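Record features (TrEMBL):
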{"type": "DISULFID", "residues": "Cys250-Cys319", "note": "disulfide bond"}
{"type": "DISULFID", "residues": "Cys279-Cys339", "note": "disulfide bond"}
{"type": "DISULFID", "residues": "Cys321-Cys328", "note": "disulfide bond"}
{"type": "TRANSMEM", "residues": "12-33", "note": "transmembrane segment"}
{"type": "TRANSMEM", "residues": "449-471", "note": "transmembrane segment"}
Amino acid sequence: MQVADILLRITIVVASALIIGGIVVACEFSVLIDAVVDRMVALRPGAKTFGWWAKPPVEPRISLYIYNVTNADDFLSNGSKAIVDEVGPYVYSETWEKVNIVENDNGTLSYNLRKIYSFREDLSVGPEDDVVIVPNIPMLSATSQSKHAARFLRLAMASIMDILKIKPFVQVSVGQLLWGYEDPLLKLAKDVVPKEQKLPYEEFGLLYGKNGTSSDRVTVNTGVDDIRQYGIIDNFNGRTHLPHWTTDACNTLAGTDGSIFPPHIDHDRILHVYDKDLCRLLPLVFEKEVMTSNEVPGYRFTPPEWVFADVDSHPDNMCFCPAGKPSCSPNGLFNVSLCQYDSPIMLSFPHFYLADESLRTQVEGISPPMKEKHQFFFDVQPKMGTTLRVRARIQINLAVSQVFDIKQVANFPDIIFPILWFEEGIDNLPDEVTDLMRFAEQVPPKIRVALIVGLCALGVILLLLSTFCLIRNSHRQSTLHLEGSNYLATAQVDMNKKQNKDNQPARY
C-alpha cells in the first residue's frame, strides 16, 4: 500500500511538471528558437551562412535607362524646352564577392568588394554601341562651379573650351557613358592641376572604375558577440562617420550593405543601408508584408517619403545642408556633390518620384512616375534578417547653373537635368537558402504547438489518472474501514452474549 501511494505521488508530480513544461514552452520557446537563429546567422568563418555572405549565390542585375536628348541644338540656340527620349533598358548581370577577408579580434570582419559586370544584350534594347546625346557632365560641372569665381577665370575657361571645341552636349555610346571615354577637360586637368588636387581617374564614365575590386576597405560586425550589430558597418576606410554633414546622426555609417540586417525584425524597426555613392545612410521603413514566389514571407521596407524632402517639409534634413539653407536641395532631390569631387550631382528617385512635379516638367518626355516602376524597396525575411528581393532605383541628375560669361553655356538655363536612372537588385534567392528560411519560419511554430499540446495533454491525462486513483483508493479505504467496524461490532456483540451466558447461575 505504501508503494502504491509513492507511485501515485510521483505520477502527480510528473503530471504537474508536464503541464508546467507546456506553459514554459508557450512562453519561452520563441526565445530558444531566436537563440538558435542568432547562432546560425552570425558570421562565423566556415559556416554556411558565412559562405553565402562572402559570395552570394545570386545573380544581381542592373538595368539602366538613359535620357537621350533629341533637340540639343534648339535647346541651346532657341531656348526651347529640352526634349528627352528614355532609352533602355541596358542590362548587366553582376557577380559579387567579398575578397581579402580578415577576421579581427573585436568581433568584426574586414573585406574589399569585388563586382563584375557582364553586358546582357539578350535582355537589353540594343548593344552597348548605341549612341546617345547627353549633357557634357565634366564641362557643365566646371562651368557651374565657376559661377562665383573671378570673371577673368570664366573668360579664360570660355577660351579654353573654344580651343578644345568642347560643347555642352556630347554624343557617346552607351558603353562610353557608363564605363568611360577620354574627356579633353579631364585630360587638360591631368597636365595642369597640382598632383594633390588631381582627380583619381583620367576618363569620365558614370560607372568608371566600378567593374572590378573596389579599393574601399569595409569592416562590419559579425553578430557573434551582439546579434543586434549583425552586419552593421563598424568603419569604412577607417572612418566611423562621414566628414560631410553637420551632425553625427547624419554622418553615421551604422547601417548594413543591404544584403543582411540584424534578425528578428518587426514592423516598427527602421533599417539603414549605406552605399558610398548615396553619400549618406539611407533609412528604410516598413510598408507591408509580402510573399515571395517560393512561399517565403517577408516585410517590404522603403525609404520614407521625407528622405529627400526639403527642409521646410522636414526640418531634420537641415543637417544635409552644410552651407546653410540656401544650399539645401529642392524637394525630392539629394545633393551628393561633396562625394563627387564637387560635381553638382543630384540624386532622386526615377522620374522624380516623390519629388515636386515642377522638376519633371522642366524637360519634355518624362512620363509621370509610377510607384510600381519607380519605387525603391527591400523585401526582407524578418526572422533571419536576410534580403529576399531588392529594387534599388535611383536617378542621376545634373544641377546646371547658367553662366553668362561662358558663351558656350550662356543660353543653358538653371535646370536640374536628368541623365539616367537605374534599377539594381535581385529577384529571388536559391532554393537552398529559401528552404532554410521556410524551415526557420514555419517549423518552429509547429514544434511549439506540438510540444505545448503534447506536454499539457499528457500532464492532464496523468493528472486525471492520478485523481481517479486517489478517489478509488479513498473509496476502497472507506469500504475497508466500514467492514472492519462492522466486524468489530459483531464480535463485540458475540462477546457480550457469551459473557452474559457465563454470568447466569447454574440450574440444578
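Yeah, the Cβs are placed from backbone N, Cα and C, and that goes for glycine too.
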Closest of Cys279, Cys328, Cys339 to Cys319 (disulfide bond), Cα positions, disulfide-bonded residues only: Cys328
Candidates Cys250, Cys279, Cys339 (disulfide-bonded residues) - the one closest to Cys321 (disulfide bond) by CA: Cys250
Cβ neighbours of Cys250 (disulfide bond) where a neighbour is any other Cβ within 10 Å: 18
Whole-number Å value for how far Cys250 (disulfide bond) lies from Cys339 (disulfide bond) (Cα to Cα): 14
Rounded to the nearest Å - Cα separation of Cys328 (disulfide bond) and Cys250 (disulfide bond): 14
Alpha-carbon distance [Cys250 (disulfide bond); Cys279 (disulfide bond)] in Å: 10
